[in-house]
Amino acid sequence: MKFDRHRRLRSSATMRDMVRENHVRKEDLIYPIFVVEKDDVKKEIKSLPGVYQISLNLLESELKEAYDLGIRAIMFFGVPNSKDDIGTGAYIHDGVIQQATRIAKKMYDDLLIVADTCLCEYTDHGHCGVIDDHTHDVDNDKSLPLLVKTAISQVEAGADIIAPSNMMDGFVAEIRRGLDEAGYYNIPIMSYGVKYASSFFGPFRDAADSAPSFGDRKTYQMDPANRLEALRELESDLKEGCDMMIVKPALSYLDIVRDVKNHTNVPVVAYNVSGEYSMTKAAAQNGWIDEERVVMEQMVSMKRAGADMIITYFAKDICRYLDK
């Protein structure tokens with residue numbers, strides 16, 4: 001009987017390494033950090049074991065640890081002392097993210113700062129824009145100028161990449177126009193243009209204190225049941241000028257990661273979100289899985305699906321695994 005002998009290329013660790021199609025590198029990773037304005041806080045987030053809210057005055061040690069491990073891209077999320085109905089803290093000169101960015105760039109000029117450009121962490125209602133008094137929904141067009149102000153403020157503080165996550169229609173076009181008019185032609189936009197209204201975001205909202213005080217985000221984030229809608233969002237953001245595209249969440253949406261990769265030549269970013277992280281951590285802490293092997297398999301699955309970069313709370317752990 002004649003048959004194919006595929007096992008020839010699996011015969012040893014060296015052989016398997018030689019023919020491996022996808023690899024996870026430190027350069028692929030973007031590490032999220034939650035920064036609070038209050039002094040002397042390093043508080044572990046209960047629903048995100050091993051992830052902390054960190055004060056501005058303690059940020060340097062966290063940045064040094066990440067940098068020394070080989071991480072070269074950071075994404076800051078701010079937890080401000082005060083909030084209002086229009087998210088003023090997102091775009092003021094001395095906002096928590098602006099301060100964190102200046103600290104990071106002063107320490108390491110080659111550390112890329114990816115700015116999460118949204119209002120939900122700064123609004124007292126927890127939504128990603130201005131609320132219409134009549135519909136009690138987010139007013140898309142009134143929110144856009146505030147997002148532009150936020151992006152410009154973040155770049156002025158030293159951000160290298162703008163990553164708008166609010167899912168307002170036209171947000172990429174307006175931010176691109178605003179950045180260009182301000183002279184920031186070379187600042188790329190990493191759009192969260194394929195962002196689903198996912199239940200996997202729960203622990204993040206604990207970490208960033210950004211849960212909506214009423215309703216949900218289903219009128220602006222995507223329905224998890226939809227696949228073709230992702231391609232429509234992608235097409236719009238590409239026309240509007242995005243330079244990179246985020247798919248969020250990642251692990252339950254690997255088909256979407258592959259679809260996006262197949263329909264664009266811009267880099268694709270997978271966001272390994274908080275709920276995905278927490279499930280893995282919980283199973284590992286109970287001894288049900290081998291954390292290192294499962295984490296690396298998850299990362300490889302995202303790369304195999306088409307991700308060029310991965311935003312993950314496991315970034316420091318992955319660097320340690322790769323150093324072994």
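Glycine is treated like the rest: Cβ placed from N, Cα and C.
In Swiss-Prot this protein carries:
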| type | residues | note |
| --- | --- | --- |
| BINDING | Cys118, Cys120, Cys128 | Zn(2+) binding site |
| ACT_SITE | Lys195 | active site, schiff-base intermediate with substrate |
| BINDING | Arg205, Arg217 | 5-aminolevulinate 1 binding site |
| BINDING | Glu233 | Mg(2+) binding site |
| ACT_SITE | Lys248 | active site, schiff-base intermediate with substrate |
| BINDING | Ser274, Tyr313 | 5-aminolevulinate 2 binding site |
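Closest in space to Lys195 (active site, schiff-base intermediate with substrate), of the recorded positions given as Cys118, Glu233, Lys248, Ser274, Tyr313, is Lys248, taking the CA atom of each residue.
The Cβ of Tyr313 (5-aminolevulinate 2 binding site) has 26 neighbouring Cβ atoms from other residues within 10 Å, across all protein chains displayed. When the Cα atoms are compared, Ser274 (5-aminolevulinate 2 binding site) and Cys118 (Zn(2+) binding site) turn out to be 17 Å apart.
In the three-state DSSP scheme, Cys120 (Zn(2+) binding site) is classed as coil. Closest to Cys118 (Zn(2+) binding site) by Cα-Cα distance, out of the recorded positions Glu233, Lys248, Tyr313, is Lys248. Listed in sequence order, the residues of the same chain lying 6 or more apart from Lys248 (active site, schiff-base intermediate with substrate) and placing their CB within less than 8 Å of its CB are Ser165, Tyr192, Val194, Lys195, Tyr196, Ser198, Ala270, Tyr271, Val273. Counting only same-chain residues six or more apart in sequence, the Cβ atoms lying under 8 angstroms from the Cβ of Glu233 (Mg(2+) binding site) belong to Gly193, Val194, Met222.
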